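Quick look at what TrEMBL lists:
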- B:89-295: domain 'Cytochrome c assembly protein' (DOMAIN)
- B:315-624: domain 'Cytochrome c-type biogenesis protein CcmF C-terminal' (DOMAIN)
- B:6-28: transmembrane segment (TRANSMEM)
- B:49-74: transmembrane segment (TRANSMEM)
- B:94-111: transmembrane segment (TRANSMEM)
- B:123-143: transmembrane segment (TRANSMEM)
- B:177-197: transmembrane segment (TRANSMEM)
- B:209-229: transmembrane segment (TRANSMEM)
- B:249-266: transmembrane segment (TRANSMEM)
- B:313-331: transmembrane segment (TRANSMEM)
- B:352-373: transmembrane segment (TRANSMEM)
- B:424-441: transmembrane segment (TRANSMEM)
- B:479-502: transmembrane segment (TRANSMEM)
- B:604-626: transmembrane segment (TRANSMEM)
Amino acid sequence: MTNRRWLMWLPLCAFGVVVAVVAWGLWRPADRTVRSAMVGKPLPDFTLAPIAPGKPGLSSADFRRGQPRLLNVFASWCVPCIAEAPQLMTLKAAGVPIDAIAIKDTPQDIGNFLHRNGDPYARIGSDVHSRVQLALGSSGVPETFVVDGRGIIVAQHVGDIRADDVPGILRALADAK
Amino acid sequence: MTAETGLAALWLAAALAALQVFLATLVLRRSVAGGATAVRAVAIVQGALAAAAMVALIAVFLASDMSVALVAANSHSMKPWLYKFAGAWGNHEGSMLLWVTILGLAGAAVARFEQRLAERTLVATLAAQAAIALGFYAFLLFASNPFARLQPAPADGAGLNPLLQDPGLAFHPPTLYAGYVGLSVAFSFAVGTLVTRDVGPAFARAMRPWVLGAWVFLTLGITAGSYWAYYELGWGGWWFWDPVENASLMPWLAATALLHSVTVLATRDGLRAWTVMLAVVAFSMSMIGTFLVRSGILTSVHAFAVDPTRGTFILALLVLYIGGALALFGARVGTVRQGKLFEPFSREGSLVANNLLLTVILGIVLIGTFYPIVAGAFGTQLSVGPPFFDKAAGPIALILVAVMAAGPLMRWRRDDAGEVLGRLFAPIGAALFAGAGAFVLGGPIGVLPLAGIALAAGLAVASVAPLTKRNLARAPLHLWGMVIAHLGVAVALAGMAASTAWTQEALLAVGVGDPARVAGFTVRLEGVRPVVGQNWTALEGRLSVTRGDAAPYVLRPQVRYFTQPVTTTNESAIATHVDGQFYAVLGALGDDGRWQLRLWWKPFVTLIWAGGALIAIGGALSLVGHQYRLFRQGRRRAEGDA
């Protein structure tokens, strides 16, 4: 029995391992963004009807014209989308072409939203049932995808674009050329 | 004022817990005359004060006092009163307070009623219980004050998660907590006996009612939680291997093992070290499970980012208590005298097998639950789900069921394999018959469900076998308890296997008036209309359901929209038949004016929860039986003295 005394310390050792794992899980910088599996793949094929007055709708073919573009997934009912609007205007001023998909929205609400927060978009497609959003692997609004000139998704930004995210997005666009 | 009274009661309870630890240490160091009586008294008052704090919290919730931050964040003046009441523990701080309240009350009950244990062991037990309570009082007072005021008070509150606005769920957390905390008493007993080196049948008998009671509550809590997920989430499943579910399953597995090993210790004086170990593990699993879920490491998105001090605090408590108990175990268990030995082929042997198999399942669930964190450490994001758990735990659970059928038919100390096989003749026959029947009549259903059905039949026959050739009126109550609990496992297993094997599902888009067919049912959507509840509005589908030639009945599944906070829930509509349940969920309206409809036929699915209820009833009968016998013994002794 005595030679198996050390066995009695095994539970404590096992618990030590659990604590180490948990402590690591506790103090690591949490990254809980839901990344799309679509990064590095071509955009899914879609054609979306126009929603904003006087602005064309959006189709996947619009992203295969040789120039990298931003694809912004947003909605008029989404508060962080208001927060990121100035950054989108900055990007537009820097000469970045931006297209958008509006999720579960109406022409009137979109009109009001653009009037109030500025209009950085070249085209806006209406995705009432989030079908294209799901196909893109986007888990919420706002999300922004960098698409190169051949229709391949090269980067994804989850959540609103903050001022300090802008240089990174410009770099991703430059790399996509 | 009420909030301040509650806070004061909480501080006083914490001070008394500190006093309890101090006094008990003093008594253990050198015998103090009347010391044990003092420790008992302090424990009782401490429990009462914790309960007073909980009552104060419930009072501010019922009064919708929005100047209390917790009420403002989790309640709303428009809510039905039952959910205001339950809202008191439907949040982090309140549930922590409920936890220490039950902990304090359990300690008070031990102090008041426990007469069998040696005095020093009892004092050590109460010291351990107070030490646990002290840590959680500190956690409440310094990191999760439920009574904090909000200045200025908001006009109204933010509401309770609508998924939780369900009468069943109002009583789900208290049930589970009673289970978890009942195990804390077993833990304290184990620590107490390690301190005084007094492991033996007396300790096992003192601990057994607590383990049984806790186990009954855990069984009820898990069963009710499973049924809640089944009808409220609208996914048609009854177990998802989600971390929250695993957190309640792990203590249950450990408690089940403990329940059986404590019987060996109480009646045969065997498995001493192992039982102490399990008592420590069972409560450790309760703490690890609850607090990992509460801390949000595993599931929730925000809890940790918001307040890392809480997680650190909890982790420190876990290290202190579990690490301390395990270190004490390692250091002291060598001095525990070996218990009585037994032949491997015996009742004890089967209970050891039961314990080992339960421990393996516990290990599988533990690894599966933690693996995502470990994988995250190496930069891989993944989740572990049913494919792993079903494949890994399923076969072992089935072996366990086979052992469970044989165990009660074996004699203590030593038995003969040939004779046991003879006693198992009827159960094996039933298993083969049911298995063959399912195989021939049921079509291709997979190996695990088939084995499940066969073993369920065998276990059902085997579990009632101990009652045959006995005068039923004179069979002791705890034997009835075991028979009913084992029968419950057979019933639940039959439900799981049958519903897994023969569930039929249809996802349809139907226009109003179109008939749809699934599994011999004809369903017609007669219309969809809006309905209004106290704090929600809903779209309600009216489904006319006909089975074969029977008269049609109406099901009304709803999509509910809650306003505070804004959330949508699917209220499934379920019709219970003798041989299963018909389950309907209303989905979204399509572009073409057709409604999505999800229909399931789930044969014998109700047996799962009926089995769970039987298991709990069996446990309760066993508890009452053991206590009644003690009561009678006590009275006989008193009469003998007189």
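Yeah, the Cβs are placed from backbone N, Cα and C, and that goes for glycine too.
Note that the structure is predicted; figures quoted are calculated from it, not measured.
For the transmembrane segment (B:177-197), the partner stretch with the highest count of Cβ pairs under 8 angstroms, out of B:123-143, B:249-266, B:604-626, is B:123-143.
Non-local neighbours of the transmembrane segment (B:49-74) in the same chain are 2-3, 5-7, 9-10, 12-13, 16, 81, 84-85, 87-88, 90-91, 93-94, 97-98, 100-101, 103-105, 133, 146-151, 153-160; each lies 6+ residues outside the stretch with a CB under 8 Å from one of its CB atoms. The average pLDDT for the domain 'Cytochrome c-type biogenesis protein CcmF C-terminal' (B:315-624) in the predicted structure is 88. Away from its own ends, the transmembrane segment (B:249-266) comes close to residues 179-180, 183, 186, 200-201, 203-205, 207-208, 211-212, 214-215, 218-219, 222, 272, 274-275, 278-279, 281-283, 285-286, 288-289, 339, 348, 351, 354-355, 358-359, 361-362, 365-366, 369, 619 of its chain (Cβ-Cβ under 8 Å, at least six residues beyond either end).
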